[in-house]
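Quick look at what TrEMBL lists:
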type	residues	note
TRANSMEM	22-43	transmembrane segment
TRANSMEM	55-77	transmembrane segment
TRANSMEM	89-112	transmembrane segment
TRANSMEM	118-143	transmembrane segment
TRANSMEM	150-170	transmembrane segment
TRANSMEM	182-206	transmembrane segment
TRANSMEM	218-240	transmembrane segment
TRANSMEM	260-282	transmembrane segment
TRANSMEM	289-310	transmembrane segment
TRANSMEM	316-334	transmembrane segment
Amino acid sequence: MDTELGNKNEPEQHQNKKRMKLFLVFLNCMLMAIGQVAGPLLMRIYYLHGGKSNWLGAWLLTAGFPILIIPIAISYIRARAREQAGRLLVTKWLFGASAILGVLLGLDSYLYSFGMSYLPVSVSSLLGSSQLAFTAIFAYIVVKHKLTHYSINAVVLMTFGSLILGFHMNGDKPRGEAKGKYILGFFMTIGGAALHGFLMPALEFTYLKAGKAITFDLVLQVQFLISMFATLFCSIPMIINKDFQDISKEAAEFGLGETKYYTILLIAAIVLQFLVIGSLGVIFSSTSLLGGLLSSLLVPVQQAFAVIFLKEVFNAEKGMALAMCLWGFASYLYGEYQKPEANKEESTD
């Protein structure tokens, strides 16, 4: 009798786990979407109205990491209530890997922040979308995800989209900005996209080599460590350059006023932490490739918000680059959709 009840409960437990996984995927995708759309807009407003520190922009990406103490504490209290011990789940391997990934994330944040200080959001977001191509390549190298002709097509299309922007950069250069700085911002953003494309498979590889079950509690702790090390990495040059001391001076000279200066920085720190939490969470609940796909899918949303709120011009070159980005995304998505069908046919044979 007990065996029969156990057999009946197994499908129900499987369904509950599936629903929970879908919920986590959805939640992390929403956090990632909020952060990726709102974060760059706020940082561009910061630069447009007098903000000058690229390291501060990079620091803000992960400076909101203490927010993670709340869910970690809730998890700890629930574990104590169930009389479970040993809530420090991070191994030496995960600690070391988190430190390395945190430093790389801090460097990646600086590259994006530098590019954002000289490029309109509509340009930097399109260039950032090329990270899907880098993610596909590094996922193939690092975690052995197979490349299909659909994913190769996506890589080629997004590369050409970036090249189109590069060949027509003069018409979109902000007034009064030196061409050299605009070109440097262009290549720094491409470099940031490449590094971001490596970070996502590298984190997936870290989970695979963790040597223990990857639970939601463990992921929270890893996220905390990665963000902490990234913040520490960005804090060092800020201390050397005395950027922390200059914040009050920058606030007093900010074009929108001192109150809005601090408000923008505070909200940017929160939503950018949403981006980090969502990105790392998507990899935990799915794969690094889904994170790359979602990031590229949000590009048109970033474009729309930049045109509406920042009055940026949407010219023909951006339209063509965006079309190539969406075409590449559709190609990659179709290839992923075809995989289960191909696997089903192979198992049938």
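Residue positions begin at 1 at the first shown residue.
For all residues, glycine too, the Cβ spot is worked out from N, Cα and C.
Keep in mind that TrEMBL annotations are predicted by a computer and have not been checked by a curator.
The transmembrane segment (89-112) makes contact with the transmembrane segment (182-206), as judged by at least three Cβ pairs under 8 Å among residues 6 or more apart in sequence. Two recorded stretches are said to be in contact when at least 3 C-beta pairs lie under 8 angstroms, sequence spacing 6 or more; the transmembrane segment (289-310) and the transmembrane segment (118-143) meet this definition. Counting Cβ pairs closer than 8 Å and at least 6 residues apart in sequence, the transmembrane segment (55-77) and the transmembrane segment (260-282) reach three or more and so form a contact. The stretch from 118-143, 182-206, 218-240 with the most CB pairs below 8 A to the transmembrane segment (22-43) is 118-143. Contact between the transmembrane segment (118-143) and the transmembrane segment (260-282) is absent: fewer than three CB pairs lie under 8 Å, with pairs separated by 6 or more positions in sequence. Between the transmembrane segment (260-282) and the transmembrane segment (316-334) there are fewer than 3 Cβ pairs closer than 8 Å, counting only residues 6 or more apart in sequence, so the two stretches are not in contact.
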